[in-house]
Amino acid sequence: MIVVRTLLAALVAVSCAGAPMAVAQERPAGQAQSQAPQPAQTLPPAEEVQATEPGQAPAPGPAAPAQQAPAQPPAPVGEATAEQRSSPTFSGAQLPHDLSPFGMFMAADWVVKAVMIGLAFASLLTWTIWVAKSIELAAAGRKVRRGLNVLGASRNLNDARRALGDRKGAGPIAGFVRAADAELAYSEEALSPEGVKERVASHLSRLEAHAARKLTIGTGLLATIGATAPFVGLFGTVWGIMNSFIGISNAQTTNLAVVAPGIAEALLATAIGLVAAIPAVVIYNFFARQIAGHRAMLADASAAVLRIVSRDLDRETAAPMARRRAAE
């Protein structure tokens, strides 16, 4: 028993002596773990760092990668971007113009507007004359052709006068017949038939010239429009281009978007001048040919009346001779 107690006491003593050493061995490992370097904390991006005090710069940190700005889609054609609109060379006067004919007319200078209005009025006058003269020449041609048919079927002036009528709207050939009949009445006591024929021919030539002059009324205006309208339009163009150059000088730019509208407005005057001149020349030549043909028909009618007068005079001269021969 004494031996057992001695052994137990020895074991207790040994265990009490080994406990502090085990604690000492475990403590350095735990401290080593606690003293191990902590991982570095990442700093926030530079955009999120704010100064805590006014005037104090934020602590430097690693630069964040720059973010690329999203690409802006290209501006549509004909629309200016905000930067272009704010630039000094892109003013309100240089914005896209209305390039329709009416828009260019409204944007033109007052001199160019006056030229365009005058040329438009000349063009309207040209077409009015064309309508009126076409109706007049068609009616006159029908009357002359009818008169020629009557003269060809008449044996004397009395037959022709009854067939054509004495009203004023019967046409120029009815006037020829009335004039020849009146001259024969004035020359009843004349001894020479040749003198009567000469006077009748002179009267008929004057009536023929008067009828031709009446048909040419208005055609001279067509010739004037056709000759002067291009030059009037050119004057408007020169004036408009001068104003465009002045605008270029004031804007201090040669951008085509700034120059083109003014030049287009100026060229519109020449275009209107050509629109007025070309139909006027064509219509004038058309009427000139028609009037020339009408004059030829009037000359034929005058010659037919003169032949009828000569025939009547020959009958009057031959009648006394026939009566004398019958009496003999």
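Backbone N, Cα and C atoms are what each Cβ position is placed from, and that goes for glycine too.
A TrEMBL annotation is a machine prediction, not a hand-curated record.
As annotated by TrEMBL, signal peptide applies to 1-24.
Sequence annotations record features per position, and here TrEMBL assigns region 'Disordered' to 28-93.
Annotation source TrEMBL lists compositional bias 'Low complexity' at 28-46.
The compositional bias 'Polar residues' annotation in TrEMBL covers 83-92.
For 110-132 (among others), the entry in TrEMBL reads transmembrane segment. Sequence-distant contacts of the transmembrane segment (110-132) (same chain, six or more residues past either end, CB-CB distance under 8 Å): 218-219, 221-222, 225, 229, 232-233, 235-236, 239-240, 243, 265-266, 268-269, 272-273, 275-276, 279-280, 283.
The annotation domain 'MotA/TolQ/ExbB proton channel' is assigned in TrEMBL to 188-292. Look at the domain 'MotA/TolQ/ExbB proton channel' (188-292): DSSP puts its residues at 93 helix, 0 strand, 12 coil.
Tertiary proximity for the transmembrane segment (215-242) is limited to same-chain residues at least six positions away from its ends with a CB under 8 Å from its CB atoms, namely 108-109, 111-112, 115-116, 118-119, 122, 125-126, 129, 132-133, 136-137, 140, 262-263, 265-267, 269-274, 276-278, 280-281, 283-284, 287-288, 291, 294. Marked as transmembrane segment by TrEMBL: 215-242 (among others).
Sequence annotations record features per position, and here TrEMBL assigns transmembrane segment to 262-287 (among others).
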